[in-house]
Ligand SMILES: NC(=O)c1ccc[n+]([C@@H]2O[C@H](COP(=O)([O-])OP(=O)(O)OC[C@H]3O[C@@H](n4cnc5c(N)ncnc54)[C@H](O)[C@@H]3O)[C@@H](O)[C@H]2O)c1
Ligand SMILES: O=C(O)C[C@H](O)C(=O)O
Ligand SMILES: [Mg+2]
């Protein structure tokens, strides 16, 4: 439950000693003597790989994912080098523990599993209570004091906990999400953990369960009015931007109206991005491009039904419209007409009799000749979709009956079904259900990872796609931190989607997959970050000359390898750990790689 700032072990001088706390049983005898640690650790001196083996063993002793989450949080605050070694070497198994879906449960329990972190050396991010917003400069000052010199944050993930995954308003407990997302930034794209800053705007909660929970750690009041929310949120973001002008700001899991409102306000004022709107749009477009290629009908014949019209639904649909316009030369009005949206009140039309929220107006149908569909089933019959996309937070909303109909309607082409709501308890259907009901013909991606499916008839094993923004936000953040664009444009996001679709290797394509395997995420993130940087330079918005020159040299392989060189990696040996610790950071992170020597803690 922290950002990964170095843990609290102190040397005799009283200052934290990152070498000792991250080496532990790997400390050679000479160093133990020098640090006055003789006799304070077991006598065996071991390699980091042996420590890792022990950590994995201890992880596997935990019987539930929440216990694993708690163990990993403890490890991260105790020995960040070992934590990231373990995560990087076991990403497929560990991602669902530190991130979706377990992070959802961890957030719900956050106030109960909080590990008594000791400030100032074990700060897990910023908690900004509404009544303290007027003292925001003091809070930022305290944070500065708590970090190592030169470790200014280069990336923040900020939430107010008002819409955590599909779980609703969790108040301050939502802090688990910025913490989890930033771990993915480090693991998937090599951001420097010391420069990641999770933030929660502790502005109250409208969930009585938390207000009444004696262990709840947030402020005990209901959420403020819209006006008070924007005044306070803008004041915090403004202060952060003044304090850290180059810091990339990721807005995360704000309730939909505020998500759109904050993005609108800040997108041309600071380097920022909304993950639920833009990141989700980006990752789903990437998978959708691959799905359309495999579906077997021309792109312009796609009929796409969205179930859910919140920040994610509308963000994704807009990104897909851009794709049809840019990649297939379809006029915007015609592209928009390929989309139908359903929300909790039914199909969104201009004449259904309610006042539509601003973000839904663009997709409201006018051609429905007074037909109103109130259920998903009715909408499926009316639209006869080629693609069904779920961002509704409604568990099993895609019933077996609906999935069977998707198969019947799409006999000439393969049906596309993306149940994207998180966590698993909110997913519109499972992979197994989608496969069974479509005779294994479905082109599938889900927000939460589902297990592989073995077809009983043939024994063939199918791997589900994971359409989760974790495939793109780390690369977008890395690209932004490196080339420092003035702002993030839709065309930069679009470039990343295209790069994601292009990143599948021959085997993944042959297996009919829509996303690259998670084990390759670092390699893929480097390609995506390079595509982002190329686009930023093309738009003349990149402000770091080194990256501008690299792009202008028109050597994409070199650009990708330079991006990789800037990715943070945990140390492999004690020697690497020792060599890198005395350094202060350079711009933007210590250049190091597998090949090039020490990593920075
Ligand atoms: N896969 C990903 O990477 C990813 C990214 C972002 C969000 N999400 C998930 O998407 C979901 C929605 O997020 P959001 O920010 O858009 O939330 P939101 O609450 O703003 O949107 C939910 C939408 O679903 C609609 N809805 C509710 N009940 C419905 C029903 N019975 N039938 C049809 N529609 C119904 C609501 O009217 C609303 O339009 C969450 O579960 C979130 O975890 C996934
Ligand atoms: O956090 C995730 O797993 C994806 C997404 O940002 C969400 O809000 O569901
Ligand atoms: Mg989110």
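Cβ atoms are placed via backbone N, Cα and C, with glycine included.
TrEMBL lists 163, 468 as (S)-malate-binding residues, and of the candidates 122, 422, 505 the one it assigns to that same site is 422.
Ranked by CA distance from residue 163 ((S)-malate binding site), the recorded positions 181, 252, 253, 276 have 253 at the top as the closest. For residue 181 (active site, proton acceptor), the same-chain residues lying six or more positions away in sequence with a CB closer than 8 A to its CB are 99, 157, 198, 250, 252, 275, 473. Residues 163, 422, 468, recorded as binding (S)-malate, reach a greatest CA to CA spacing of 16 Å. Over the domain 'Malic enzyme N-terminal' (76-267) the predicted model carries a mean pLDDT of 95.
Note: the CA-CA distance between residue 422 ((S)-malate binding site) and residue 276 (divalent metal cation binding site) rounds to 12 Å.
Residue 252 (divalent metal cation binding site) has a Cβ environment of 29 other Cβ atoms inside 10 Å. Counting in whole angstrom, residue 253 (divalent metal cation binding site) lies 14 from residue 468 ((S)-malate binding site) by their C-alpha atoms. Between the C-alpha atoms of residue 468 ((S)-malate binding site) and residue 276 (divalent metal cation binding site), the distance comes to 10 Å. Residues from the recorded positions list (163, 181, 276, 422, 468) with a C-beta closer than 6 Å to any atom of ligand 3: 276.
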